[in-house]
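Under the heading domain 'Aminopeptidase N-like N-terminal', TrEMBL lists 14-217. As annotated by TrEMBL, domain 'Peptidase M1 membrane alanine aminopeptidase' applies to 261-474. The annotation Zn(2+) binding site is assigned in TrEMBL to H333, H337, E356. The active site, proton acceptor annotation in TrEMBL covers E334. The site 'Transition state stabilizer' annotation in TrEMBL covers Y415. Residues annotated as domain 'ERAP1-like C-terminal' in TrEMBL: 615-919. Look at TrEMBL and you will find 1038-1076 tagged as region 'Disordered'.
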Amino acid sequence: MSSRRLSRSQNIIPIHYDVHLTTDLDSGQFCGSVKIDLIIKQHDQTCIKLDASHLIIDLSSISLILISSLTKLECTVETNDLNEILEIRLLNEKTFSFDIPYRLIINSFSGHITTQNQIGFYRSTVEILSYNDNNSNETCVIKKHYGITQMSPTHCRRVFPCFDEPSLRATFDLTLDIPRHLQALSNMPQLYSQDNLLNSGTKRIHFQRTPSMPTFLLCFVIGEFDMIKAEPVERLNKDNGLSPIELTAYTLPGRKHEATFALNCAHKALHYYADLFQIDYPMSKLDLVAVPDLFYPAMEDWALILFKEEEMLINEDHAVSIQYRNVCQSVTHEIAHQWFGNLVSIHWWNDVYVVEGFAKWFEYLATDYIVPEYNVFSEFFSTQFVRYFDYCINILHNEADDIDEKDFSFEGFIYSKGSCLMRMLHLFVGQTDFLDSIRLYLQRYSYRTATAIDFWACVEEITKLPIKKLVHSWCTKKSYPVVQVKMIGYDETTGTYDLELKQMSFCRGHDQEKKPIDKKISCHCIKTSDLICDTKHNIDLYQSIDNNDNDENWIIPITILNNQSNYCLTKYLMTKNQEIIHININSSLSIEEQNNDNEPLIKKRRCLLLTSNYFKLNICSGGPYRVFYSSDMLEKLIQAIIKQELNIFDRFNLENDMYALSMGGFTSLVDYLHLLLNAYMNELDDELVWKDIESNIIRIGTLLEYDKQLYDFYRKFVIFFHQNLYQRIGLISNNNEDESVARSRLRCFLLVILGTIGYDPTIISNAREQLLIYLNDPSVTVLWPICAIVAHHASESDLNNLFKLWEQCPRRDDRLRCAYGLSYVQESSQIERVLNLFTINNSTNNNSIRLHERIECYKGFCLSKQGRYYYQRYIEDNWLLLRTNYNDEYLEALIRETFGYFSTKDEALRIEEFFLSYETFEQKYKINFKETPSTPCTRIAVHLCLDDNELLTINKNNLSSPPIYNHHHHHHSIIPNKVKEVASIIAHTTRTRAALLERDHDDLLAFFQSDSFSISSPTSNASSQILSINTTNIISSSSSITTTTSGNKRKRRVSSLNTSSSSPPVRNLLASDTSA
Ligand SMILES: [Zn+2]
């Protein structure tokens, strides 16, 4: 059962399904019949194999008809439960006729509406509070059942026998028999309904025939819903006879008003996408349904999008802006799929990264269009972009031949990988070409399936760039590229700069870099200056790639910005290991101007002094790769930041790259701290850059913590670095009304850093005072930084106060914030107390931290050496319980989050011993190999492999919340493979960190003791330094004053990569500088 290999290429093409289901939500049963018209596309075919799973099929009800003559063919039927296959074979070894339509009829099958997991046809039950009939104030709880389907990826076979493969599209006629008082929705509008069926209290609903589509997009829901309708959405072409799109939102009773925002977003998104793709929305209606339970956050079933309630509904009374943004992103994501994923669907599951990457990237574009004030692109960087790098090192894009492997490809990685690739190409080829490529793809493959390569081929066809090779180079390698760049020459007479570019793998690169780099240009470098900036030349480039070197290289879109222009100076594809490019500012500018159709005359070339030229590669973090600048080039970029010449995305890019390069061993940590000090002390209040800086500062703290002397210096550095920010945004907000969410979030970061790493006494005593306010006034919202700071420095009475707060908090979210803060305790007895508190309460108190909330609530433990030490042991001791309650992905995340900050060789060893060696389990759980396999524990040792039920039995007494259901019924090992992989990566990273600390130790010490920044006194703290800020001589203090005031005047430096935008409203695709 573990390996349900799909029967690909069986050469049977279903044309049409006629499905009739009778459902009984109360009993949890359904039964039905299905007729499938199909043709056979192969000679000598002797059998038909259908997918059917968890169904009881009356084999005698199966018949096969030759449609043309309506003759019934004699056949035998077999089921193979192991492979979930229903096999129909013609009698006497006869073969099917080629290309002739047959009808397969299965007149009777039945199944169970599952309540165990949210796949196939499942039932959700909700309890709704209702007033009694007689208008009294008495309430009662009414249970309502909902029948919902989740066919994707391979669960349609649980609802009716079918050809359950994405490439086999067909039309569907669906008929449902349901209780008369309920509603049923499906992909298509109702055709007609028959009431009083056999007087049995049921009604029969016939839905209109669907367009050709894959089984995984079929969907229906049954239940009692409230609904609101939007204004019908006008069509793109009003002349083509299509009526406007009916747009409706459905919710559980009493919640329809919460769907207004989602409905508005959907309305705008339908317009937006139709306009962008130049193809009308392909269906007559679109329903958004908020269902009580769903396997995914949302599911893009064609014209019937299902959402988890929190992904669609907004209670306008308590909602915060981040919820609006999430809902908008969810809605726009699923609507993008209606074209990209549904109108054209994937051919096989290994291509899902293209469809998901597309929807992910377009959800940002559409959200930015609908609610520009959300600055959604900043969120793109702090999630998708940053994740891409993390994931990239660990996961490789694989062919998913097997259905189990396919599930792996649905992980978060494909979203970040897919969307980063999409964005990189979108920016590089430009708006016009990218949209033309999408239109070509959607038109060419409408109502059909296509592969990822089909999509990239369309981009290639439009742009004439070697896109397929490019994507191949990004999808087949582990790790990601680092581009090392050096200025190797400048010709004053011609104004030509020579840059040497070298690409290497982030994982392997720094090993090679141990050798001194040869300054001489190697003779096989190929000059690529003639390829710059002109797509016509790219045809040659394509050919040159064909007979070009090994597969080791990435094809990297290089973009270069400098202070000579407000727009892209150069863009070209780097294909070689090492290249030299000659940038003649004058000539390349003139090429730019020729190509720039829209505003050729507006942008006049300004003659600046060339000596101060900086070159910024990878404009606006366009591509998910790192740039490693030589020190002279970096120095000029620092000057550019000080002069406010780089936009926020370039500032983020430089900072983010430098941190990664120092942690990856390419440069020293000192270089990163230098950069912070020299370029970012006066950084504006923008969340994107600060959020990244703060998380990097915390992460460096987790490393330096292992050396007391360094850490004491580091504290002072952190205080010094933050003084300007602290002065600007302060400890509390001055005017509550005007303060942006971003700014108050930034203050939270700042407080935590100064209060924990910084030990700032003023902040700590303020936090203690604030905690007392929380205790005395339950109406005040609890801020987690306050709890974290108090916990970090907690005395016995502080801790008691925090515990009291935790028990007293009337609101659950306040309790969670308090719990999160509690995990910042440092002292060993306190850590154990907090861990115990959470565990004990979990089993006794309903109102306590749920298991799934724990990873988040325990994060603070991972940030201190002591916390990690105890938390690691806690996880080891409770592993069986965790294993039972979490799925593999969650455990992987738990280990990744918890163990990421270890930094000694001993710790690396311990991680390996626990996760990678079975002997540890033997000792840990007192497992005895010699015992007879009668107790579950022995079986752990013998097989190291249990299924969920077995694990449940073992841990029955410890369990307090239901297990995470897993739809794979095959066996799980005690340590899932994913966890093993991530543990071995973490052990490796831990050793790297240990080596890094050893290597950089002396440099860091020298840096901290140098005059780079003034550590006034051992008692220095931010608040006291702020008072003396005007008298202290601070680096670039002159510009610190201008920075804070001139932010709004900053020039927007959106490069010309996309100036050729045509009508579709893609607003500032690259960037908007959020300082305004
Ligand atoms: Zn999606």
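Glycine is no exception: its Cβ is also placed from the backbone N, Cα and C atoms.
What you are looking at is a predicted structure, and each value in this text was computed from that prediction instead of being measured.
For ligand 1, the nearby recorded positions are E356; that is, of E334, E356, Y415, these have a C-beta under 6 Å from one of its atoms. Annotation note: H337 (Zn(2+) binding site) sits in a helical segment as assigned by DSSP. Sitting within 8 Å of the Cβ centre of H333, H337, E356, and not among those site residues for Zn(2+), are the Cβ atoms of E300, E334, A336, F340, G341, V355, F358, A359, K360, F362, E363. Taking all protein chains in view, 25 other C-beta atoms sit within 10 angstroms of the C-beta of H337 (Zn(2+) binding site). Reported as a whole number, the C-alpha separation between Y415 (site 'Transition state stabilizer') and H333 (Zn(2+) binding site) equals 11 Å.
Residue density at Y415 (site 'Transition state stabilizer'): 23 other Cβ atoms are found within 10 A of its Cβ, drawing on all protein chains shown. Residue environment of H333 (Zn(2+) binding site) contains 26 other Cβ atoms, counted within 10 Å of its Cβ in all protein chains. Neighbour density for E356 (Zn(2+) binding site): within 10 A of its CB lie 26 other CB atoms from the protein chains shown. When pLDDT is averaged over the domain 'Aminopeptidase N-like N-terminal' (14-217), the result is 91.
Neighbour count (other Cβ atoms within 10 Å of the Cβ, all protein chains): 28 for the residue listed as 'active site, proton acceptor'.
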